[in-house]
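Annotated features, as they stand in Swiss-Prot:
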DOMAIN    1-88  domain 'HPr'
ACT_SITE  H15  active site, pros-phosphohistidine intermediate
MOD_RES   S47  phosphoserine
Amino acid sequence: MKKFQAVIKDPVGIHARPASILASEASKFKSELKLVAPSGVEGNIKSIINLMSLGIRHNDNITIKADGADEEEALAAIKACLEKNKVI
């Protein structure tokens, strides 16, 4: 399992648009991908509803975890996606 931590820079947090973009990117990989909220609750990154239900807000510290055969590639792609869309 690989993971990284980040701080949410998007002023609205993780809302419908970034959740949709993340879920779409995550679905390209076989690994299990989880976003861990500051409360410790985990959400499946491949699920838009799961991501939005976490209530991630501006300045929240999050952890992204990947576990599986392509975990390194998946984690790098998710991080790049978050940075490209100015979420982190």
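Every residue, even glycine, has its Cβ placed from backbone N, Cα and C.
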Rounded distance in angstrom between the Cα atoms of H15 (active site, pros-phosphohistidine intermediate) and S47 (phosphoserine): 13
DSSP-derived structure type at the residue listed as 'phosphoserine', helix or strand or else coil: coil
